[in-house]
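Feature annotations, reproduced from TrEMBL:
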ACT_SITE  TYR23  active site, proton acceptor
ACT_SITE  HIS98  active site, proton donor
BINDING   ASN72, HIS78, ASP85, ILE99, SER100, ARG109  substrate binding site
SITE      ARG18  site 'Transition state stabilizer'
Amino acid sequence: MPLIHVLNGPNLNLLGMRQPEIYGRETLADLEALCREAARPHDIRFLQSNWEGQIVDWIHEARQEAAAIVINPAALTHTSVAVLDALNAFDGPVIEVHISQVHKREAFRHHSYVSHRADGVIAGLGLGGYVAAIRHVAGLI
Ligand code: DQA
């Protein structure tokens with residue numbers, strides 16, 4: 001069964017604790033459980049790192065292991081050409097997810113390097129955005 005990589009960038013380890021008025025009260029573990037349920041019968045590799053290079057390495061690993069990537073690059077969305085370049089080396093579907101509606105927030109959150117590669121972008125649906133993204137790619141792979 002094809003594997004879906006679900007990648008999470010900096011500070012998402014603090015989900016449920018950091019700015020709950022923006023990101024909600026559910027934790028990263030809650031999110032992982034939600035994603036596993038949404039993906040069935042597909043398997044997922046669910047990962048989070050605060051380090052840009054680690055995210056880049058995981059995208060490289062996805063080239064061999066994954067049929068699709070669902071990624072919330074978090075702050076790296078707005079800064080990282082390295083994450084964009086890594087995603088450009090991945091052939092399968094890529095969906096970019098943001099928990100918050102980034103376009104309603106500060107201007108620096110309105111630009112996404114990752115959107116230059118993403119096949120779809122979901123913002124503002126809370127954790128439900130991951131569910132929608134996973135169901136979408138599960139239907140493609
Ligand atoms: C985020 C939005 C980003 O602007 C922010 O840096 C994050 C999380 C979101 O899920 O809404 O860390 O990607």
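Please read every residue number as a count from 1 along the shown chain.
Each residue, glycine too, has its Cβ placed from N, Cα and C.
What you see is a predicted model, and the numbers here were worked out from it, not measured in a lab.
All features noted in TrEMBL, drawn onto the structure.
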{"residue": "ARG18", "record": "site 'Transition state stabilizer'", "DSSP (3 states)": "coil"}
{"residue": "TYR23", "record": "active site, proton acceptor", "DSSP (3 states)": "helix"}
{"residue": "ASN72", "record": "substrate binding site", "DSSP (3 states)": "strand"}
{"residue": "HIS78", "record": "substrate binding site", "DSSP (3 states)": "helix"}
{"residue": "ASP85", "record": "substrate binding site", "DSSP (3 states)": "helix"}
{"residue": "HIS98", "record": "active site, proton donor", "DSSP (3 states)": "strand"}
{"residue": "ARG109", "record": "substrate binding site", "DSSP (3 states)": "helix"}
I'd like to confirm something. Which of the recorded positions, ARG18, TYR23, HIS98, has a Cα closest to the Cα of ASP85 (substrate binding site)?
HIS98
Look at each of the binding-site residues, ASN72, SER100, and point out the one with the fewest other Cβ atoms around it within 10 Å.
SER100
Chain-internal residues, separated by at least six, CB under 8 A from HIS98 (active site, proton donor):
ASN72, THR77, VAL121, ILE122, ALA123, GLY124, GLY129
Rounded to the nearest Å, what's the C-alpha distance separating SER100 (substrate binding site) and ARG18 (site 'Transition state stabilizer')? Just drop the number here, would you?
13
Just checking, which of ARG18, HIS78, ARG109 (recorded positions) has the fewest C-beta atoms within 10 Å of its C-beta?
ARG18
Among residues ASN72, HIS78, ASP85, ILE99, SER100, ARG109 annotated as binding substrate, what is the maximum Cα-Cα distance? Answer in Å.
24
